[in-house]
Amino acid sequence: MINVNTKWTETQKSAIFTPNCNLLVAAGAGTGKTAVLVERILQKVINDSEEVDIDKLLVVTFTNAAASEMKERVGEALSKLLELNCTSKNLQRQLALLNQSNIMTIHSFCLKVIKNNFHRIDLDPNFRICDDTESKLLKQDALLELFEEKYEEENLGFLNLADGYGGKNDSKLQDIVLSLYEFSQGSPWPKRWLQDVLKDFNLGSDFDFGDTKWAKVLMHNVTVELKGCKNKMKNILNTIENIEGLEHYLEPFKSDIESIDKLINITTWDEIRDEFIKLSFNKLPSKRTDPLVKSYKDKARNTRDEVKKKLISIREDIILCTDDIYENFKEVYPLMKSLTFLVMDFYEKYHNKKSERNMIDFNDIEHFCLEILTSKDKNGDIIPSEAALEYREYFEEIFIDEYQDSNEVQEVIMNMISRKNIYANLFMVGDVKQSIYRFRQARPELFLEKYNSYDEKEGSKNRKIKLSENFRSRKEIIDAINYIFKQIMCREVGELDYGEEECLKSSARYEPFEGNCGGDVELHVVDKKENENKLEDENEEELLDAISVEARLVASKINELVNPSLDQYSFKVYDKEIDNYRSIMYKDIVILMRATQNWAPAFVEELNNSGIPVFADTSVGYFQAIEIKTIISLLQIIDNPLQDIPFIALLRSPIGGFSPEDLIDLRVVNREISFYEILKAIKEHSLELKYSLEHIDERLEYKVEQFFNKLCLWRRKVIHMPIDEFIWHIYIETGYYGFVGAMPGGIQRQANLRMLFERAKQYKNISYKGLFNFINFINKLKSSSTDMGNAKILGENENVVRIMSIHKSKGLEFPVIILSGAGKRFNLTDINKSVLFHKELGLGPEYVNSERHISYPTIVKQVLKRKLKMETLSEEMRILYVAFTRAKEKLIITGTVDNIENTFQRWCEAAYCEEDKLPEYSLINSRNFLDWIGPAVARHPCGEIIRKVCPFEYNLNLITGDDSKWKVFVYSKDNFKSTLDENIDEDIIGKIKSLELDNNKEIYKNEVYRRLNWTYKYEQSSKIAAKFSVSELKRRFKLIDTENGIEFMEPIYLKKPAFLRESKGLTPSERGIVMHLVMQHIDIDKVGSYEQIKEQVDKLVFREFITEAEAKSISVYKIIKFFNSEIGIRMKKSNNVYREVPFYMEIESTELYKQLPQHIYRDEKVLIQGIIDCYFEENNELILVDYKTDHVGDIDSIKEKYQVQIYYYGRALEKLTGKKVKKKYLYLFSKDYILDLS
């Protein structure tokens, strides 16, 4: 039975029910592909005719989040079906099997294959997986060892390679080796691929460049450029042929076009080479023309000169380069041989290092799996292994989500385990227009190959189904997406022709609304050019850079949407939860950028200056945070105190507390020795420096002694403590953790410190040990540009504008998208490296001659450079498509240009063509997103401003009859210079002075009374606390206000200080804190006996986590009983146990205060905070445990007392992890009792 609550389209039904074939579902953005995938899985397991158990289906995704979401959705659907048919044994069975189902990431599946078949390959079953950081460190170590060995061997091939490509310190060659190694891992058999690409350079005597794969690519590329030149000449010819006075230009231009046409129609390399050599250009006839047509004459001459320059460039840089190819290859071959051998040697060195540590990396997971699933036949061809055939027999159907992101290794794996011919069982779903992970070795060609070859007819064994009905975005956005991409996405740029069949169809349901909602797509273009008439004494701060200018534009646009002026209506968005329109909130707006580095900080600053709350999801900036720099400086001087820079940094920090004057006094003692040695001399009253120390007063001497003693103590302690515990000890002992919490942005700063602590905890598990190695580990992270980004502290419901990269937005949707930085140049730096790599075309090296100190690109590098540029631009095209399709209700595009007139002229020139598609040549030579969007909009009736600003008049063929609507705005940089505060003040004063009060003041009497008697509409809201702890909620739900059922902010009761208490022993609350601390730090692998636990408690005393008196309050027997209890045994069995986990969660105020009017307080939020004592994973679900140490009476009263607290813990945990909390327990230490509060 099909889900009766969902209205599936006919194509969706086909995707759900088509049986017994390899099925490719090309699902456009927002077309419900996940829903279709889930429904197909459901139909497989609930269909009586098939009777397939859910564990017999393999469903692979590319992220853990996607796998968890899919499993959850399948589980929810099965549960709902079971509610309707509660006696169904099959549904009960499928729900029971769900936890054993194979809905997982591709890496998880590969790992499962390895663990079940490790005996088939040379792998210890106790292996572990190293993380990216440890992998990078190991690679670096392996590479340095390898280079040292090669230098010691004095290997001539290696020495020549290092001379040619190594740079000053071999770093460039090391980068090439690492890059080529990583690139080769994208091949199913990396070593074979390296050997194959090396053969390309070992030319035979019968070598003919025209027969090579490189010549074919180059011919195609040259043809595209020739068509671009022809198009330019045709356009200018069309412009001048009806202009009187330029008749003498017509014949030369026609002749040039004929010559280019002849080159375009040539099909062989030798012929095109000969024609280019013969190519010549006639001189244009000279004739005096009327001044009125001079601009057209100049334009014609300039265009022809530009085309001539391009054709000569093709001849000199490409065509004639092939003459030296044979000689070049003879010299390059030994170098490439040395390089490929060096990479294979690195492979062995790195592999051995991993084997020594009994670990594998993420690339190994796929390659070991492939090794298990493949074997060779007598001819050496790859066939499925015995293990692969077992999986092929076991899995009834294989589902691949996001198929467009598959790589070649994954493709072979899936081919090995999927059935063939009449039993074909492969279901692939994705959208090649959203393939944006080529930099991770994704191969969109795999999708395209099937997309172009599979049949749409029913009954085909290789069938294709297209889903094009978009259920996400308003029609205005869908129309704009189709309008732009029909013009710009083609086989050359985008790798797919975006035609009518690829167009999205608007199917989203948005109720009609008369207010301010939806609307035209907006394009905002800012001219970066400075105003030539600006004043010489203009404030330098007002000379804004381009990023800040654009950020101010965006800030003004956001304020216009969220905080409209009195004469404007508030912008409304449709909220599915309330099934109605509501006013837009900051959280409805997302600013997307191609890359956030350098851009996000400027946007955050400008938006904050405009009073807009904003959060930037960046992957940089962590190591530059002052709190992280301070702690790292402290660790550096604990390891080696003779380093002056970190030492001074620490002395000046709040941990040291030394002033600049103090540092000057210390340096004067002796300028030749380190600061550490100076402090040591002061502490020990050194006789050698007796006279130099006379100016050190008692205050500074005391300060020095205190700091020096602490430093010595830390240096002793770090030897005996794990690095993570030592870092936390530093935080608490110095009070630095609390200090940064009181600074501006304190929550973020504390989160950053916790992140460093967690990083240290992870480091503890890797093969490198000790403080020195940890510092080295951090330094390598910084030097390798592996900045981690600030710790994430915001939940998804925080009311802030978000800034994120387009890549991070993939798979998400937002009411309002502002695509910023559309004028930022494409990053093409990778295609300029000294050696280029390509899967099909192999290696593209520079020709280098160390003796003559010359280098230049070989013809092969030229080919690879052009091919990689095309692939990069195609990726950028798909990234733009992803950005556009994130928007649900409003799309705004912003960008800056260097010179508005020149830019608009370039756009109009690119748009000056007869076809609907923009010329490939123009698309290839575009510099940024605006260069694609601008020409398309210039041909739209709404793009009139672009055509008007353009200094040269083009008679563009407008695309009429298109449903899309655009608003184009053009600004000068001067529009965004902020008004100085004093000018604002003067304006206000002037307005006040201009007021003329009527002598009859009685007319103001009523207004005065009205204002004095005014009452605040939201008075109750002002009494509601903005933040609660979960413990406060527990008390709050026990109290009832007799008047209105609402309890507002409570009075504050201060605890009696210790010196006023009669008893100096620990209070019950303090004993509880100590027990929680022990339970947080105890090693659960060492809790089998009294002695083991007692030893751990003693260690906490030694490390100063607790005092002797606090340790005596701990009942070791109570802890033993806990770990011998049912819940304790389950916890010990779990691989993932988390303790003392802080959280923040936003809830609606009306949830706590039931009597508040819903229509007024619906958007009022309250922040809930708390710390979860413990939770652990069990069968991919969570078990929550909360300890209680206080004495309890009746169990039922305890249950009632803590029910609310545990409810919010569970709710927060599910939100925090995205996983289901299966059970919630209270453990009562006073009764050794487990209380189930699920």
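Cβ coordinates are placed from backbone N, Cα and C, and glycine is handled just like the others.
Since we're looking at a predicted model, the values are computed, not measured.
Within the same chain, residues at least six positions away from GLY30 (ATP binding site) with a Cβ under 8 Å of its Cβ are ASN470, PHE471, ARG472, SER473, LEU504, ALA508, GLU813, THR885. Taken from Swiss-Prot, the feature ATP binding site covers ALA27, GLY28, ALA29, GLY30, THR31, GLY32, LYS33, THR34.
Mean predicted confidence for the domain 'UvrD-like helicase ATP-binding' (6-474): the pLDDT average there is 92. Swiss-Prot lists 6-474 with the feature domain 'UvrD-like helicase ATP-binding'.
What Swiss-Prot lists as domain 'UvrD-like helicase C-terminal' is 512-811.
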Mapped DSSP class for LYS33 (ATP binding site), helix or strand or coil: helix
Residue, out of the binding-site residues ALA27, ALA29, whose Cβ gathers the largest set of other Cβ atoms within 10 Å: ALA27
Cβ-Cβ neighbours of GLY32 (ATP binding site) (radius 10 Å): 22
Shell of the ATP site beyond ALA27, GLY28, ALA29, GLY30, THR31, GLY32, LYS33, THR34, same chain only (C-beta within 8 angstroms of their C-beta centre): VAL36, ASP431, LEU467, ASN470, PHE471
Mapped DSSP class for ALA27 (ATP binding site), helix or strand or coil: strand
